[in-house]
Amino acid sequence: MATKILLCITFFVLLIDAGVEKASAFDFLSNLRGSHKGDTIEGISILKKYLQDIGYIKSDPSNTNITTNIFDDLLESALETYQSYYGLNVTGFLDDNTMSLLSQPRCGVPDFPEERTDYSFFPGKPKWWTYNLTFAFAQGTRLDAINPVLQALEDWASVSPFRFSVKIFDEANFKINFQPFYGPHQPLAVGFEPTNGSFHFNVHEKWVNGKVPGGFDIESVALHEIGHLLGLEHSKDFHAIMYAYFWPNTVKLTLQPDDIQGLKVLYGF
């Protein structure tokens, strides 16, 4: 199936090289190692903002504490929640294990740490009204990304009633592209909840097929982001495809029971 689809759409896409060398976006964390409540250190405000972006500090324009470099109750509570969610020792400060995980590349969708199960859903549990969904790649999508994304779609179809077919970009349910993500601490990719359907790879990352030092496997990330497009949020299960973090030179290509059960609960099949 993937080969036939590829033949139909190759004339819509162009090959581009998206690998870009860059400094780590989390270098600021090195100054914060071992910091705890009561400390005032340059970079703490950046950490607070990042924890807000990934779901551990609620967005509140009236909360001025998020802009300070003071390690306060707000940050301690956020770190404790983060550590608990990811199964780390709940210390409330920046210990080595917490630093290590925080500095890993991840999906741009925030976590919802209030969920009690490993799998989780977006607020309101949005989902598609049909099992027959369409997808399209934006013009200019790199050719070596097509087959991995098609395989990821087939993997989700193999464990569910969903079926996927090609449509023109403006009318497709899933719109897949590579985009530049600007600013610090940008994610590898982001997939939006139903029925938005947008799926963006960060063009500045080094995208590869398979295990390549310093590179991120396209199919592994696509499998995760398609889970978001279908309505799944992140999972606390390290082995699950819907776990938020990714490591370079690694592939993760098998949907786990947690991923499948989450989709079954959401759609009732």
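Glycine is treated like the rest: Cβ placed from N, Cα and C.
Taken from TrEMBL, the feature active site covers Glu225. The Cβ neighbour count for Glu225 (active site), using a 10 Å radius over every protein chain in view, is 27.
TrEMBL lists Cys107, His224, His228, His234, Met242 with the feature Zn(2+) 2 binding site. Every protein chain shown contributes to the tally, and the Cβ of Met242 (Zn(2+) 2 binding site) ends up with 26 other Cβ atoms within 10 Å.
Reduced to three states, the DSSP call for Glu205 (Ca(2+) 3 binding site) is coil. Residues or ranges marked as Ca(2+) 3 binding site in TrEMBL: Gly183, Glu205.
Counting every protein chain shown, the Cβ of His200 (Zn(2+) 1 binding site) has 21 other Cβ atoms within 10 Å. When secondary structure is read from DSSP and collapsed to three states, His200 (Zn(2+) 1 binding site) falls in the strand class. What TrEMBL records for His200 is Zn(2+) 1 binding site.
The feature Ca(2+) 1 binding site is assigned by TrEMBL to Glu205.
TrEMBL lists 124-269 with the feature domain 'Peptidase metallopeptidase'.
Residues or ranges marked as signal peptide by TrEMBL: 1-25.
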Review point. Between Cys107 (Zn(2+) 2 binding site) and Glu205 (Ca(2+) 3 binding site), what C-alpha distance do you get in Å?
Key: 12
Review point. Which ones are near Glu205 (Ca(2+) 3 binding site): of the recorded positions His224, Glu225, His234, Met242, which have a Cα within 10 Å?
Key: none
Practice item. Could you say whether, by DSSP, Met242 (Zn(2+) 2 binding site) belongs to a helix, a strand or a coil region? Key: coil
Review point. His234 (Zn(2+) 2 binding site) has how many other Cβ neighbours within 10 Å of its own Cβ?
Key: 27
Review point. Where His228 (Zn(2+) 2 binding site) and His200 (Zn(2+) 1 binding site) are concerned, what is their Cα separation in Å, rounded?
Key: 12
